[in-house]
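Quick notes on the structure that follows.
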There are 2 protein chains.
Amino acid sequence: MEKASRMTKQRKLILDVLRSTKSHPTADWIYNQVRGEMPNISLGTVYRNLGVLKEKGEILELNYGSSFSRYDCNPENHYHLTCTKCERVFDLKIPIQKQLVKEVMDIDGHKVLDHRLEFYGICKECKKQEVN
Amino acid sequence: MEKASRMTKQRKLILDVLRSTKSHPTADWIYNQVRGEMPNISLGTVYRNLGVLKEKGEILELNYGSSFSRYDCNPENHYHLTCTKCERVFDLKIPIQKQLVKEVMDIDGHKVLDHRLEFYGICKECKKQEVN
DNA sequence: ATATTTGCAAAATTTTTGCTGGTCA
DNA sequence: TGACCAGCAAAAATTTTGCAAATAT
């Protein structure tokens, strides 16, 4: 059975901060935000709580294409585009591609439990500023 | 214009080691393999060369779903399945999903230059050993 | 009451970098 | 010959962990 867990002030604050932004922040960014409200919180606590929240399925850890993780308050699988110009990560509206899972099972014979799809390119906003 | 680059003994050996395996090894694994042949090579050199080879488009760096990178001697985009049981990474045969790129451009309005698709699950071999 | 969590600091892990001398083309 | 590269070792960057005190339920 699942381990008990408490909703401490720290954990709640971390979750609130993550839910209050549309960006996909790093642990360090979250740490700095949270410190505004709770100056003595430690970075270790932030990491531990992000880990717990991830285990409970309340958030996602994104560690794609860089040496550090970003976190996402939306635990449902969805896809992202990382802008190579401004480095921001955007949620995409395109639907989950369920047929891919079937395809991998049929063609490659593995049992698929999960998948991640990440795009890289120039975001809508940076595109406007591009000279042709 | 592009920077010149030399095929040093070290760089060649690193590339050969990477090309000789179907696994998707870490820098440290490559380092240890290469040391068998060239005991004085340094880990820094391995990292530097993997970086150069990646820049030249000869290999891929895979940094998805873990805290460290793996490397792939096949520089063409292709998809992987990471087995959550044996931790191995498998190349998949399913074709590149070009329509996804168009979908992201049409639905989300970003300019897509590249994409990565990673699957997680139980590989063909581990599946056999599973009890039902 | 007590299992869980915190803050702190130290350590672990993975990767990068400065420097000086060596080497490929 | 001269830009590029190697080895070494130290540092950087990110994340994890041990411990004693505090806290949520």
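Any Cβ shown, glycine's included, is placed from N, Cα and C.
Database features (TrEMBL):
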- B:Cys83, B:Cys86, B:Cys123, B:Cys126: Zn(2+) binding site (BINDING)
- B:His115: Fe cation binding site (BINDING)
Pop the Cα-Cα gap between B:His115 (Fe cation binding site) and B:Cys86 (Zn(2+) binding site) into the table, whole Å please.
26
Return only the integer: C-alpha distance in Å from B:Cys123 (Zn(2+) binding site) to the residue listed as 'Fe cation binding site'.
23
Non-local Cβ contacts of B:His115 (Fe cation binding site) (under 8 Å, 6 or more apart, same chain)?
B:Asn77, B:Leu100, B:Val101
B:Cys123 (Zn(2+) binding site) CB neighbourhood, other CB atoms within 10 A:
21
Can you count the other CB atoms that lie within 10 A of the CB of B:Cys126 (Zn(2+) binding site)?
16
According to DSSP, does B:Cys126 (Zn(2+) binding site) fall in a helix, a strand, or coil?
helix
Tell me the Cβ contacts of B:Cys83 (Zn(2+) binding site) under 8 Å, same chain only and six or more apart in sequence, or just say none.
B:Val89, B:Phe90, B:Gly121, B:Ile122, B:Cys123, B:Cys126
